[in-house]
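I have placed the structure first, in the form of structure tokens, so that the comments after it can refer back to it.
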Ligand SMILES: Cc1ncc(COP(=O)(O)O)c(C=O)c1O
């Protein structure tokens, strides 16, 4: 996966395909037909790719961890349902995500709630709904959860989310050692444990560690997980009870940019015996359910964001392909969601032969701001009005992470392809 055209082509070969005429296919259906039927702009997800990705990750971490789905990456209930059918529970960050997970058929006891600002209404909703676990991130929230438990006459299972103090671990703790609104600082962990233990309506059952997103290196993730097991042991030692849950977070990355290589699941697998031995050696950890809760890794590769060319405009030596899709639907692809240096997501034309000449192409959206760029210099074949452009790696943090209200264009439709059928899972607008 050396440069951008190779990355796009490699991703298409892995998760999609092209027919003899060069038409991009999603789950065996021509993208041109999907765009015709459902209109553009459009998000298309391939269920088979989601299932394959989920199964491969489960196989890699078998004997160590279970894999849940982080709903924030893609809260469409039809997407959550695919992972639920594969056996995943759900990690949610709001009352609305709780509803989405329930709608997808996830049992409430298989849902856990994390996030730095959980309000009373959301807490009441999830406690009344019998949520599996709430992950505590600050003192005020601890009190609010206890009050919700009291109102509903139940005991709530809670875990402590810890903001790690370590900065070492081979760069593993990318979110560690820094001030953060997420979780209790590790330095304050003992006091937080004691505070929870003093609340009769709360039962401290676990640890939650989320040490950073978009991790592409196995050794980084393994280092974070090892650190998490150490924290879990400290919680168990202080409470004197066995832990039931060790949530090591998500954060598994996918390649977006030239030069990035996919996460090596073989290297993950090879590093797990040490962690499994650590768990087994501690009777207070040996029976715990270890959980990973990735979002991006599971949903990202399965999704395409599809836009249609409205105009091709030459301006003072530069060519702009203007499309009907843009940052209002896909902020991440425009480079405005957490990127410091803006780089292009892998893009491909909807119809493109292997020998097509390619040139660096700027692809922009319809918004009245220079920020609205889907690519600055994507290697694309010549495009004309009516052609389709697809942004790869768009199944996670697409629509859900975008400013859909900006300029009042309708929201795009979302379509799930499975078993040779395309189903609209969210209507346009
Ligand atoms: C608590 C928690 N879990 C899981 C995730 C999912 O992260 P990713 O999509 O990188 O796997 C996030 C992302 O912000 C998170 O905050």
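Placement of Cβ uses the backbone N, Cα and C atoms for every residue, glycine included.
Unlike curated entries, TrEMBL annotations are predicted automatically.
According to DSSP, residue 368 (active site, proton donor) sits in a coil region rather than a helix or strand. For residue 368 (active site, proton donor), the Cβ neighbour count at a 10 Å cut-off comes to 8, with all displayed protein chains included. Annotated active site, proton donor per TrEMBL: 368, in sequence order.
Looking just at the domain 'Orn/DAP/Arg decarboxylase 2 C-terminal' (43-395), the mean pLDDT is 95. Taken from TrEMBL, the feature domain 'Orn/DAP/Arg decarboxylase 2 C-terminal' applies to 43-395.
Annotated domain 'Orn/DAP/Arg decarboxylase 2 N-terminal' per TrEMBL: 52-299, in sequence order.
Annotation for residue 72 (N6-(pyridoxal phosphate)lysine): spatial neighbours 91, 92, 93, 97, 295, 397, 400, criterion Cβ-Cβ under 8 Å with sequence separation of six or more. The N6-(pyridoxal phosphate)lysine annotation in TrEMBL covers 72.
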